[in-house]
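Data first, discussion second: the structure below is written as structure tokens.
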Amino acid sequence: MHPFPDETARLAEILQKLDAALQEADADVERIDTDYKNAKRYMAQYRGELDPHEMFQNELLLKQTDHTGTIAAASRDRLAKLKDSPYFARIDFKCDDGEEMIVYIGRFTFRCRGEMLIYDWRAPVSGMFYDYETGPAGYDAPAGRIEGYLTRKRQFKIKNCIMEYALESAANIQDDVLQKELSHTSDEKMKSIISTIQKEQNKIIRNENTGTLIIQGAAGSGKTSIALHRIAFLLYRFKDRLSSQNVTILSPNKVFGDYISNVIPELGEEPIYELSFSDIAEIQLEGIIGFEEESNSLDVPDEKWSRRVRFKSTLEFVRMLDAYIEKLNDTIFLPSDYTFGPFKADRDWIAKRFAAYGNYPIKQRLPMIADDICRSFEDDNIMEQELPQPRAVLKSLTSMLAVRSTLALYKNFCKDSGIPHLFVMPSKKTLEWADVYPFLYLHAAFEGLKESRITRHLVIDEMQDYAPIQYAVINLLFPCSKTILGDFGQILNPNHSHTLDDLRAMYEKAEFTELNTSYRSTWEIMNFAKSILKDTKIRPVKRHGKAPSVIFCQTPGEELLKIEAEIRNFLQGRDASMGIILKTDKDAEALFKHLHPTYPVELISPHSTSFKNGISITSVRMSKGLEFDAVLIPDAGKETYFSEYDRSLLYIACTRAMHSLTLLHTKEPCCFLPK
Ligand SMILES: Nc1ncnc2c1ncn2[C@@H]1O[C@H](COP(=O)(O)OP(=O)(O)OP(=O)(O)O)[C@@H](O)[C@H]1O
């Protein structure tokens, strides 16, 4: 029992009001549904008899009813969600002008008969809960800054309409609640953190900057959570100009996409469209050229291939392409005089027109010049003679191009830049992954990309995994504000040599923040993982648990027995998820084949599309962004993790663990591990 009987009474009262509101909302939805069905039936019945005007009126009415129905259903769903857990905090605020407010904060606003009973966590006044302890406080209301004093702060956990706890703001209550939240076993999907958002996180979530924001955050610092909460905040703050359809998330793979897919709907917003870099390439290159998917660099031990990837992953490479594109204006189009009977457009004039359309991709300029030529011939055509068709003019202009296709252009670029050996096609009409984005960049300059202006905010997660050239293309495709987040301590690709500074150089005007407190793992796990990295600013959150164990096995056979023992342990215990993380996708698949179907294990491979609780066997690459109650890392010896990149891989693997971490090795232990 908690010490605040007044809060129990208040909860009962709110639940009652929510119940009534929910009933009303249910009735509304039902009524609108009946109206809709009736209108539809009426139209079907009298289709032939209604005059067009009446038909049109009815169709409009139907559309409106449908729209009202959608809004009513959304509002009912929100009320149903609120009923389960109406609010998580209360703040009492005394404004400097003497007015006193008691503010209950929950997932959504709840107003009843004109009275504000629950404030949305995103409302300006709610911000004080995250930003201030009791004492002087203030917030930015629509009408201007309001200063005052927070006299009380309470936190609640209400689940299934029952108050599990209530705490009053003596020192550190926020810490207690955070500890409680973090110590739970994992959920199948990422969940919202509105009741425990930390001050430094809140600053990012509520950042209204309309430009680009770059967040470098340690493993488990809540970057992904924050990015998703920021989307929900922006949708609330700018609801008149931004809707879910206007936001896109670029995420590394479908499993991760599935894992994070619940957060936004949980916060009451429509799901957000998710894309991967590969999806974008597929859309852009359809009918032009094929490409090989990105392969795990660790599975392709070919030094020449690595060299190609490495070269194309630098910022200098983008600069080379930029310089080449800059020169294209003078080199790609070699005009000659165009004549048709007595009519003539001379080469200098054509060249000037070509330059005048300099803002357009090269090939798009040609039809414009063809039109210009035809128009000028028409003006001169006093004798009304036969004139050429624009299509014929275009054909002649096209023949003045030094190259005809982006592929030829790309080959030319490689030749001109002295790197023809760095372009290899794995098969006919197929690009290597490392060539896909450079190709698209040139394609943008030569033919133009398929653009859509619908996205007004783009979120890029795992920023460290993408090469500068990928950003260069993204900037062309999405010229909107961006939230870019990731961790340069978690670099996956040994052939990517770009740095955080390179990324920041590409977004000179972007705001930059760092998050160093890590919330996911226990203090023991995070300290262990931290010592794998050379220098890091990570601060583990003080939540204690078992120390990680590093276990030596005499033989691979013994290691396998140990893995099976760990699996049985997990199956008997109370944890919800266990990740068995191997270095490569191939290793993961081999272990999966060995254990399946004797044990209930799932393989997360690059082809997987969803994430489930239970036991997952996967590679470091595929485990990115995910988390498990328990993590087991087999083959954690010196022979597996030895290079500087392996250091980062091992760090990624260890930081997937929330509560327990075990590493196995058969030969010498890996030298990055703490002694
Ligand atoms: N303020 C918070 N309150 C409660 N839980 C939090 C908070 N911040 C982060 N977490 C939890 O910490 C875990 C890690 O969060 P998240 O996955 O967003 O971190 P990340 O920085 O993207 O991690 P990584 O880079 O390692 O994938 C999640 O379980 C998240 O719910």
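We count from 1, first residue shown onward.
In case you wondered, yes, glycine gets a Cβ from its N, Cα and C as well.
Unlike curated entries, TrEMBL annotations are predicted automatically.
Listed in TrEMBL:
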- 196-522: domain 'UvrD-like helicase ATP-binding' (DOMAIN)
- Gly217, Ala218, Ala219, Gly220, Ser221, Gly222, Lys223, Thr224: ATP binding site (BINDING)
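Annotated features taken from TrEMBL, shown on the structure.
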residue : record           : Cβ contacts under 8 Å, 6 or more apart
Gly217  : ATP binding site : Lys223, Ile226, Leu485, Gly486, Asp487, Glu514, Leu515, Asn516
Ala218  : ATP binding site : Asp487, Gly489, Leu515, Asn516, Thr517, Ser518, Thr536, Lys537, Ile538
Ala219  : ATP binding site : Asp487, Gly489, Gln490, Ser518, Arg520, Ser521, Ala529, Ile538, Tyr651, Ile652, Thr655
Gly220  : ATP binding site : Ser518, Tyr519, Arg520, Ser521, Met526, Glu627, Thr655
Ser221  : ATP binding site : Asp487, Leu515, Asn516, Thr517, Ser518, Tyr519
Gly222  : ATP binding site : Ile193, Gln198, Gln201, Leu515, Tyr519
Thr224  : ATP binding site : Met190, Ile260, Asp461, Leu485, Gly625
Entries of Ala218, Gly222, Lys223 (binding-site residues) sitting next to ligand 1, with Cβ under 6 Å as the cut-off: Gly222, Lys223
Helix, strand or coil at Ser221 (ATP binding site) [DSSP, three-state]: coil
Per-region confidence, the domain 'UvrD-like helicase ATP-binding' (196-522) (mean pLDDT, whole number): 92
Chain-mates of Gly217, Ala218, Ala219, Gly220, Ser221, Gly222, Lys223, Thr224 with C-beta within 8 Å of site centroid, ATP: Asp487, Leu515, Ser518, Tyr519, Arg520
